[in-house]
Amino acid sequence: MQKTASPKTYRVKSFGCQMNVYDGERMAEMLAEKGITEAPEGEDADLVVLNTCHIREKAAEKVYSDIGRLTKGKTQKKAPMIAVAGCVAQAEGEEIMARAPAVSMVVGPQAYHRLPGMIDDAVAGKRSTDTDMPADAKFAALPKRRKSAPSAFLTIQEGCDKFCTYCVVPYTRGAEISRPYSALVDEAKKLVEAGAKEITLLGQNVSAWTGEDDRGRKLGMAGLIRELAKDPDLKRIRYTTSHPADMDDELIDTHGEVGKLMPYLHLPVQSGNDRVLKAMNRSHTAESYLRLLERFRAARPDLALSGDFIVGFPGETDAEFEDTLKVVDQVRYAQAYSFKYSPRPGTPAATMENQIEPQVMDERLQRLQAALRRDQQAFNEASIGKTCEVLVERRGKLDGQWLGKSPWLQSVHFTGDAEIGDLIEVKLIQAGQNSLAGEIVA
Ligand code: 5AD
Ligand code: SF4
């Protein structure tokens, strides 16, 4: 590789989950610290970071086509310095280096604190790959938080030890680690000082977080939530994503007792059939999952529920798929995500027999999504007439219109006197599939 000028502007493109969004923000902060500024919308960037996701279909192919477009002048006039980050980088680092000479650096999700040094290498004409997984080193090396949107993400836990048989996360993000309590309290404080009104705690298994407070007492995520809730300037707390195995009584109680913990729970079930759940290596049954939700709802009756589903796991029969629909009918999710099973290289399910035909998967996904849409619409309609606070996140398309989120994570739009970051009392008056209209309560 040739020596090149130091990049002056950057663009970070994040794909996939909220943890990637968080990582993308942290990389941007590091670049800013290095004196590289964000390229204005529509203008060429000297450095492009592709922050990739590997969870489902064709992720790697997408990366190669993005690289192709960047080098062939389709995305911007001048080919930029390219960094590939995220889970595809972790899973296929060496391959990317071999296949895509235009890529200057490949950096995994646990090593991106080393990005500034890798940029210096690239400037000196040296390509580099870093997919190490040093436990915990990354966060300590990142700059302090100085900027925040009204709704901020805070990664408290990373990695996964659950090894669901379809999932790449334990391989790309590594073993479960919890960030230390004091570091989290500090980062939350900085985010609030920078304007955050809401913080969403993030982790692949967020409720598996454990730590110790200043006096050496052991804490779970519920304890962390209670501590963060003491900050008067922090108005809302959320967390995602949880595994049913890590939900304890204290967390359930916290939903009933801490008003700032928003009435919304994303708790993936994946399938409603016990044989399939076992083959997925999920440690719950359909029944134990439903009972757990009942306990949450008893603690917080207005709780909105969300989940993840996979259709067409290897060997899933029609009757087994029907069990998933039954769970949906019982839970009545406010909102949910559903996917066709996608074999991930290196996972146990990828080599299981009886992989399901694509048409069968399509048909099952359509039926499941129709049921989920029905419930989402019904949930939104049931909100009509309620008055709630909306956290204003941005301007809408119309003059004087604002967009924000209800406590139940519904998108709400309204017009009137407001500012970004305000919590405005709004009456919900009209419901669509994906959003609601409201009016300011005088
Ligand atoms: N195929 C399809 N969906 C998957 N997910 C994870 N791995 C796969 C896969 N191999 C889904 C799960 C998980 C969500 C983040 O992505 O539903 O909860
Ligand atoms: Fe993947 Fe299962 Fe871990 Fe979630 S709990 S990240 S689905 S292995």
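Backbone N, Cα and C atoms are what each Cβ position is placed from, and that goes for glycine too.
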Record-annotated [4Fe-4S] cluster 1 site (TrEMBL): member among Cys53, Cys160 besides Cys17, Cys87: Cys53
Proximal residue to Cys53 ([4Fe-4S] cluster 1 binding site) among binding-site residues Cys160, Cys164, Cys167 (C-alpha distance): Cys167
C-alpha spacing of Cys17 ([4Fe-4S] cluster 1 binding site) relative to Cys167 ([4Fe-4S] cluster 2 binding site), in angstrom: 14
Neighbours of Cys160, Cys164, Cys167 excl. site residues, C-beta within 8 Å of centre, [4Fe-4S] cluster 2: Lys162, Phe163, Tyr166, Val168, Val169, Pro170, Gln204
Pairwise Cα distance for Cys164 ([4Fe-4S] cluster 2 binding site)/Cys87 ([4Fe-4S] cluster 1 binding site) [Å, integer]: 17
